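Engineer: Attaching a single structure in structure tokens format; questions to follow.
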Amino acid sequence: MNIEKYTERSRGFIQSAQSLAVREGHQQFSTLHVLKVLLDDNEGLAAGLIDRAGGNSRAILKATEDALNKVPKVSGGGAGQIYLAPELARTFDAAEKAGEKAGDSFVTVERLLLGLTLEKTSEAGTILSKGGVTPQNLNAAIEALRKGRTADSATAENAYDALKKYARDLTQAARDGKLDPVIGRDEEIRRTIQVLSRRTKNNPVLIGEPGVGKTAIAEGLALRIVNGDVPESLKDKKLLSLDLGALIAGAKYRGEFEERLKAVLQEVTGSEGTFILFIDEMHTLIGAGKGDGAMDASNLLKPALARGELHCIGATTLDEYQKHVEKDAALARRFQPIFVSEPSVEDTISILRGLKDKYEQHHGVRITDSALVASATLSNRYITDRFLPDKAIDLMDEAAARLKMQVDSKPEELDSMDREIIRLKIEQEALKKESDAGSKSRLQTLEKELVELEEKSASLTARWSAEKNKLSDAQKLKAELDGLRVELANAQRRGEFQKAGELAYGRIPELERQLADIEAKENSGEMMEEAVTANHIAQVVSRWTGVPVDKMLEGEKDKLLKMEDSLGKRVVGQAEAVHAVATAVRRSRAGLQDPNRPMGSFMFLGPTGVGKTELTKALAEYLFNDETAMVRLDMSEYMEKHSVSRLIGAPPGYVGYDEGGALTEAVRRRPYQVVLFDEIEKAHPDVFNVLLQVLDDGRLTDGQGRTVDFRNTLIIMTSNLGSEFLVNQPEGEDTSAVREQVMGMVRGHFRPEFLNRVDEIILFHRLQRSEMGRIVEIQFARLQKLLTDRKIVLTLDGAARDWLAAKGWDPAYGARPLKRVIQRYLQDPLAEMILAGDVKDGDNVAISSEGNVLTFNGKAPQTAEIAQFEAPASKRKLN
């Protein structure tokens with residue numbers, strides 16, 4: 001016996017058999033050990049051959065194990081020393097001779113099994129013979145497995161049944177009802193069939209964005225082949241999906257991968273056109289399996305593709321096709337591209353309606369039609385970095401999974417009741433130990449309460465169980481119905497019309513009636529939701545994108561008509577600006593503005609401290625329920641020419657290329673927010689060139705070539721240009737003349753093509769003395785909020801409010817001096833009083849003014865004399 005003449009798998013089995021003999025304490029290494037490890041093999045090569053040869057592999061394995069249990073065991077000093085049984089040596093000789101006779105260079109696993117049958121005097125040979133496995137039958141099974149191939153390498157077994165190992169039969173999956181229905185895509189499927197029907201280069205490649213349904217087209221073709229809805233040239237074909245991962249996995253030695261792929265190609269080409277190979281992610285062929293001097297997978301495919309022997313359908317994305325396949329012109333010319341475009345929202349709704357039954361059956365909940373429409377429309381509007389129908393299907397799937405999880409969990413009402421029962425039982429046990437009258441009285445009351453709660457809990461639990469059972473029964477019926485429909489389709493294909501009639505007019509209608517009865521039973525006051533609605537879809541969108549659900553589902557008219565009132569609570573004295581912003585947003589939301597532009601783009605002009613940035617924060621909070629839903633860029637940081645790359649990311653080859661830009665990354669991660677360009681006039685002119693595309697098309701390409709969507713952002717730019725005209729404007733004077741002066745300065749600084757793209761240029765006027773009181777109240781409310789946790793309540797009377805307003809008013813500096821006044825005269829004394837213990841948690845503090853100081857509960861603060869606050873330039877006008 002020359003072990004080098006055995007294949008790797010044969011050697012592995014011989015070593016495993018030897019280890020088994022040692023482990024069991026047997027003195028002889030016999031044919032029984034070899035047969036046992038051959039039949040224990042996970043891949044089942046030997047077991048499969050025995051079954052093909054007319055034997056029963058399970059019965060033979062049982063007989064082998066029984067025989068091994070009867071073999072004497074050796075323990076003590078002689079244990080571990082084993083000897084080769086003479087019949088096993090003869091078995092190896094017989095296997096080698098059988099291999100040589102068949103033209104093999106190596107002894108394979110099946111020859112080893114054949115050797116066991118040829119050595120009839122051995123125990124294993126006897127078991128196989130009794131099991132009905134003869135050398136003649138086994139030889140015939142081996143020939144059928146090998147299909148004329150000889151074992152020329154140490155990994156020869158990898159080539160057996162290569163398609164079963166490395167490919168998935170899509171046509172069989174279609175027959176078994178394991179494929180989702182394919183709705184639409186008729187044009188692409190027809191074009192694929194057309195290319196497959198060509199004489200040469202009959203290999204289509206489906207090219208499209210991720211998630212548009214390329215793989216679904218291949219599955220649709222498999223369904224059509226099964227249903228006979230294809231030309232004669234494609235009838236009875238088998239569509240096989242190649243698993244490149246399985247081909248590469250475990251290929252340790254050089255040439256092993258090529259051998260596996262070659263075996264697949266030989267089976268496909270040897271079938272004389274019966275098999276069509278589908279290669280998903282086709283670009284992975286390029287370089288797959290390539291090592292030192294080895295050929296990659298694509299080079300092995302080229303000859304068969306060019307001759308038309310190999311029918312192949314590829315699928316890859318546009319980017320990967322351009323990056324990998326187009327560079328290899330010899331491979332690209334052998335494929336005929338078929339471009340798969342993204343379906344429209346209407347087509348997506350049709351696709352979802354076709355898939356609905358499968359998802360209802362899987363999750364065990366109902367999916368309403370409004371949920372399907374919401375999935376398509378909301379995903380199209382709000383999830384911009386992915387493609388239909390994939391993103392819409394994901395929405396529907398996740399919403400159904402979320403509802404199913406809620407259905408399986410205990411309802412909140414029942415859960416809180418059960419927790420209350422546990423709490424009362426603990427109290428009951430504690431009261432039983434007390435002997436006073438009060439405790440006994442409380443115990444009686446508690447026991448009555450406990451009985452009532454337990455009865456109510458039992459009733460609710462019964463209701464909940466009934467509702468769960470109803471859903472479970474419906475799910476089982478749907479699964480059974482699905483199986484019967486697959487059975488009906490197969491019966492019709494096979495021409496078994498009696499069976500088809502029984503199914504179509506008997507069992508299926510009966511199950512449909514039962515299902516309708518279950519779904520018609522409406523429980524009064526259901527404890528849990530049983531159907532996925534548009535609201536559930538909106539909640540999932542909210543979790544994915546950060547858009548508040550209530551804002552999306554609230555009526556647009558009601559929401560937007562309240563806008564001025566809401567913004568006016570935070571921004572004082574700028575009614576014109578608030579109105580201009582509200583009308584622009586209303587115009588955008590009403591669909592009267594180009595949907596491919598941002599929601600709105602505004603330029604706020606005015607002096608410092610009048611509420612430009614505050615209005616931006618108020619907008620973010622109102623539109624997105626979150627003041628932080630805003631990316632703020634201080635344009636004083638973008639004064640140099642090279643700083644433009646910080647906005648959109650460094651170009652390839654520069655440091656920071658992988659990091660992305662400050663603007664593009666912020667919007668890409670959170671597409672729904674306010675974008676604030678503060679002090680826009682300080683930016684370098686090249687920054688405005690970048691913004692032109694954003695303002696006009698609502699999109700921007702970053703340094704890595706990704707398109708970032710700005711259509712759902714609100715763009716605001718603030719500037720102090722012309723503020724001196726606004727500050728010096730006398731109260732009550734017409735603003736049109738001042739506006740012209742300000743706009744003259746703006747036009748002198750910004751280029752016309754930039755200004756022309758801004759929706760509104762809004763003037764903020766200086767704050768009037770009469771408006772300061774409201775600002776004091778807003779600032780005071782924020783201070784009160786800081787003390788909420790301490791339960792300290794502040795009250796501010798009119799005199800104190802007027803005192804603070806007078807101290808903080810400055811026409812040149814707006815409301816910012818007021819913030820400093822409140823900090824100095826209100827917050828600082830309060831902080832010292834809290835630290836000194838004069839004001840404790842839960843106290844009420846009344847703030848008033850006496851003379852030139854504020855009093856706290858009638859007392860002036862016990863601190864060093866507070867210096868008079870001189871508001872800078874209160875009387876001075878800016879030149």
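Glycine is no exception: its Cβ is also placed from the backbone N, Cα and C atoms.
Per Swiss-Prot, the features are:
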BINDING   Gly208, Glu209, Pro210, Gly211, Val212, Gly213, Lys214, Thr215  ATP 1 binding site
BINDING   Gly606, Pro607, Thr608, Gly609, Val610, Gly611, Lys612, Thr613  ATP 2 binding site
COILED    393-525  coiled coil
DOMAIN    3-148  domain 'Clp R'
REGION    6-71  region 'Repeat 1'
REGION    84-148  region 'Repeat 2'
REGION    161-342  region 'NBD1'
REGION    343-546  region 'Linker'
REGION    556-766  region 'NBD2'
REGION    767-879  region 'C-terminal'
Engineer: List only the single closest residue to Gly208 (ATP 1 binding site), chosen from the binding-site residues Pro607, Thr608, Gly609, Lys612 by CA-CA distance.
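Structural biologist: Considering only the listed binding-site residues, the nearest one is Lys612.
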Engineer: DSSP says what for the region 'Repeat 1' (6-71): how many helix, strand, coil residues?
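Structural biologist: Tallied per class, the region 'Repeat 1' (6-71) gives 49 helix, 3 strand, 14 coil.
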Engineer: Here's one to test understanding: among the binding-site residues Val212, Lys214, Thr215, whose C-alpha is closest in space to the C-alpha of Lys612 (ATP 2 binding site)?
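Structural biologist: Closest candidate to Lys612 (ATP 2 binding site), judged by Cα separation, is Val212.
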Engineer: Most Cβ neighbours within 10 Å: which of the binding-site residues Val212, Val610 is it?
Structural biologist: Val610
Engineer: So for Gly606 (ATP 2 binding site), how many other CB atoms are inside 10 Å of its CB?
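Structural biologist: Excluding its own Cβ, the number within 10 Å is 26.
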Engineer: On a simple 10 Å Cβ count over all chains shown, which one of the binding-site residues Gly208, Gly611 is most densely packed?
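Structural biologist: Going through Gly208, Gly611 one by one, the largest Cβ count within 10 Å is at Gly611.
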Engineer: Take the Cβ of Gly211 (ATP 1 binding site) and count every other Cβ within 10 Å, whichever protein chain it belongs to.
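Structural biologist: If we count other Cβ atoms within 10 Å of Gly211 (ATP 1 binding site), we arrive at 18.
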Engineer: Residues near the ATP 1 site, Gly208, Glu209, Pro210, Gly211, Val212, Gly213, Lys214, Thr215 excluded, by Cβ within 8 Å of the Cβ center?
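Structural biologist: In sequence order, the nearby non-listed residues are Ala216, Thr317, Val340, Glu342, Phe387, Asp390.
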Engineer: Per DSSP, Gly208 (ATP 1 binding site) is which: helix, strand or coil?
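Structural biologist: The three-state answer is strand.
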Engineer: Among the binding-site residues listed here (Gly213, Pro607), identify the one with the smallest other-Cβ count within 10 Å.
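Structural biologist: If we count Cβ atoms within 10 Å for the binding-site residues Gly213, Pro607, the smallest count is at Pro607.
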Engineer: Run through the domain 'Clp R' (3-148) and tell me, per DSSP, how many residues are helix, strand and coil.
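Structural biologist: Counts, helix then strand then coil: 98 helix, 6 strand, 42 coil.
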Engineer: Mind checking which of Glu209, Pro210, Lys214, Thr608, Lys612 has the fewest other CB atoms within 10 A of its CB? They're the binding-site residues.
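Structural biologist: Least crowded of the binding-site residues Glu209, Pro210, Lys214, Thr608, Lys612, by Cβ count within 10 Å, is Pro210.
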Engineer: Sort out the sequence-distant neighbours of Thr613 (ATP 2 binding site) for me: same chain, 6+ apart, CB within less than 8 Å of its CB, listed by position.
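Structural biologist: Counting only residues 6 or more apart in sequence, the Cβ neighbours of Thr613 (ATP 2 binding site) under 8 Å are Leu676, Asp678, Thr718.
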Engineer: Look up Lys214 (ATP 1 binding site) in the DSSP assignment and reduce it to helix, strand or coil.
Structural biologist: helix
Engineer: Restricting the comparison to the binding-site residues Glu209, Val212, Thr215, which residue's C-alpha is spatially nearest the C-alpha of Pro607 (ATP 2 binding site)?
Structural biologist: Glu209
Engineer: Tell me which of the binding-site residues Thr215, Gly609 sits in the most Cβ-dense spot, judged by other Cβ atoms within 10 Å.
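Structural biologist: For the binding-site residues Thr215, Gly609, the Cβ with the most other Cβ atoms within 10 Å is Gly609.
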